[in-house]
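Engineer: I have a structure I would like to understand better, so I am pasting it below and will then ask my questions one at a time.
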Amino acid sequence: MWGFLKRPIVVTADINLSLVALTGMGLLSRLWRLTYPRAVVFDEVYYGQYISFYMKRIFFLDDSGPPLGHMVLALGGYLGGFDGHFLWNRIGAEYSSNVPVWSLRLLPALAGALSVPMAYQIVLELHFSHCAAIGAALLMLIENALITQSRLMLLESVLIFFNLLAVLSYLKFFNCQKHSPFSLSWWFWLTLTGVACSCAVGIKYMGMFTYVLMLAVAAVHAWHLIGDQTLSNVGADVQCCMRQACVGQMGMSQGVCVFCHLLARAVALLVIPVVLYLLFFYVHLILLFRSGPHDQIMSSAFQASLEGGLARITQGQPLEVAFGSQVTLRNVFGKPVPCWLHSHQDTYPMIYENGRGSSHQQQVTCYPFKDVNNWWIVKDPGRHQLVVSSPPRPVRHGDMVQLVHGMTTRSLNTHDVAAPLSPHSQEVSCYIDYNISMPAQNLWRLEIVNRGSDTDVWKTILSEVRFVHVNTSAVLKLSGAHLPDWGYRQLEIVGEKLSRGYHESMVWNVEEHRYGASQEQRERERELHSPAQVDVSRNLSFMARFLELQWRMLALRSDDSEHKYSSSPLEWVTLDTNIAYWLHPRTSAQIHLLGNIVIWISGSLALAIYALLSSWYLLRRRRNIHDLPQDAWLRWVLAGALCAGGWAVNYLPFFLMEKTLFLYHYLPALTFQILLLPVVLQHISDHLCRSQLQRSVFSALVVAWYSSACHVSHTLRPLTYGDKSLSPHELKALCWKDSWDILIRKH
């Protein structure tokens with residue numbers, strides 16, 4: 001029993017020293033003097049605000065992408081003990097002592113460093129030579145723009161890391177498929193592919209491009225798998241198949257059914273990414289539970305689910321709206337700004353600037369601030385009372401109501417008079433009896449848009465309602481136009497006569513609510529001026545919050561005004577643009593996002609050569625002329641699908657985007673070009689150089705080319721790290737293109 005003690009226990013390990021060395025060099029290049037400069041650099045001013053919100057648990061909304069990227073940066077701040085107290089108000093501001101700069105920049109730097117050995121492994125998994133793999137890693141190592149972007153509190157390096165991890169994991173899974181399907185390593189790499197794809201999408205929406213590429217490649221391989229006669233038919237016994245899969249035998253590909261293969265891929269590449277994506281938002285919403293400056297963009301129900309803010313105001317409110325209730329009505333559309341149905345003593349002008357006449361009735365507008373004039377009383381048309389009876393009579397879908405303005409006691413009215421700024425719609429007013437032939441038309445039918453049945457009760461915050469005018473069938477609507485000075489630049493409210501179906505501008509919800517208790521106007525005014533006090537947050541599920549937040553992120557449009565350093569996709573390929581990230585306040589030291597021009601141009605040439613060679617091979621194969629052995633051809637096609645395809649899906653969509661674009665948007669596409677470069681070079685050496693002499697000459701040219709790339713990287717180093725002050729003459733010497741904006745101080 002104890003015989004094993006008589007022999008030494010020996011553990012052997014295969015250590016790839018090349019991989020270790022590349023990892024070490026990657027870490028050194030990205031982590032060296034990481035805290036320099038100790039000042040806000042370019043978009044750190046943007047991401048830093050969100051990190052502070054995370055530290056303070058304050059809700060925010062950002063349309064740039066899902067929350068995982070922000071949470072990664074916030075994790076660095078948390079590990080460094082950052083308390084969130086720093087004013088991120090301008091580029092170049094010096095960080096205070098409480099800001100852990102090294103910790104905040106650490107995770108992007110680690111992601112950038114690990115991308116170097118990952119490039120090495122990807123080329124090896126594509127079954128190209130060790131030399132080609134080393135070349136890809138070294139190109140990633142010395143590329144200046146990748147170094148710059150990795151060393152700052154930015155997200156591109158993290159996105160690139162997960163893009164490459166998805167490609168590497170899929171290649172390892174694909175290679176396992178050939179000899180050990182359904183083994184532990186097979187499951188691990190397949191699952192990791194889905195996890196990496198989900199994380200890439202969770203960092204930035206740009207990650208969706210690589211995810212779609214991986215799904216396309218996996219779909220093609222699955223299609224070939226269906227035609228593999230060595231596997232059992234799709235209709236084979238699924239139970240037997242799953243039993244075999246659970247056993248996990250090594251050489252089991254003969255007995256595994258196609259169904260199991262397809263199911264495994266569907267779960268790993270579709271189900272797991274969706275679950276993880278939801279998990280990112282779940283953690284995001286759990287962390288950010290406090291009210292913040294972005295609340296008003298969200299619905300009232302969402303706001304009420306946050307601690308403080310509206311939740312504090314609405315705590316203790318009655319849930320069901322009754323006849324006699326005092327309410328404020330918020331427009332669900334919230335554009336151009338969130339606003340509440342409002343009225344005041346002023347009337348519409350007798351004659352508008354264009355000569356049209358009005359009813360001269362009391363103005364009704366939408367006001368973007370909380371105000372006592374936002375309060376309305378829900379009145380039963382058949383009774384005079386403006387208080388809630390005992391017991392309260394709830395208002396239901398389809399009921400007729402009058403909306404009485406709380407401070408002026410005039411009823412919401414519309415009639416066949418053109419609205420001030422929207423002549424195709426009806427004017428909405430509060431009715432004033434002028435003793436002329438214009439009777440009140442103040443009956444409205446309540447429609448609960450999100451009702452479960454036709455007997456649903458109107459609920460505070462939760463119900464989304466429309467008000468349909470009984471006499472004219474017009475719908476109460478926010479037009480979004482700003483009234484002139486006579487309307488105090490408030491937003492126009494109209495009666496939409498020609499309803500074109502559902503639109504959020506016609507939908508309202510009760511935000512603040514209380515049961516009116518005073519029939520006397522003076523006492524009621526005091527009641528309306530006092531602060532309002534069922535907590536409805538428990539009724540808003542995670543999925544409801546997720547769907548609303550996701551929709552707001554996709555629908556929100558940030559300021560797309562032209563930026564000094566914005567650029568077009570055509571300028572990226574030839575590196576005709578750069579971005580000045582930081583300038584030392586006293587010296588000429590500066591940091592620029594500026595790529596290694598040798599690598600960028602070489603990558604574009606490699607892409608062109610790959611396209612031309614592939615077209616030539618396809619034409620000849622059509623004539624049944626096979627220039628490449630079958631295994632070399634399949635290797636060439638797979639490399640092109642992942643590398644050239646990765647470049648295409650991460651670059652071409654930007655031509656369709658209507659947003660402000662910057663050079664750093666090209667970096668994910670650039671990494672795929674870098675992977676393609678050594679693949680093309682090895683292919684030329686192995687298949688196009690016919691003699692040993694040609695191979696030797698070509699190898700010498702490759703060495704010279706790589707030496708020039710190293711020289712350019714070293715020359716641009718002061719602008720990459722910003723740790724050296726250059727003279728005006730030296731800075732001018734670095735302006736290799738007239739379009740480059742190198743900052744030169746005038747002394």
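Think of each number as a place in line: the chain as shown, counted from 1.
Including glycine, each Cβ sits where the backbone N, Cα and C put it.
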Engineer: In TrEMBL, which of 37-57, 100-120 is tagged transmembrane segment?
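Structural biologist: Range annotated as transmembrane segment by TrEMBL: 100-120.
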Engineer: State the non-local partners of the transmembrane segment (661-681) in its own chain: residues 6+ outside its ends, Cβ under 8 Å from one of its Cβ atoms.
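Structural biologist: Distal contacts: 115, 119, 122-123, 126, 128, 131-133, 135-136, 139-140, 143, 145-146, 149, 154, 156, 159-160, 163-164, 206, 209-210, 563, 565-569, 571-573, 577-579, 593, 595, 599-600, 602-604, 606-607, 609-610, 613, 639-640, 642-648, 650-651, 654, 702.
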Engineer: If you average pLDDT over the domain 'MIR' (453-513), what do you get?
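Structural biologist: It averages 90.
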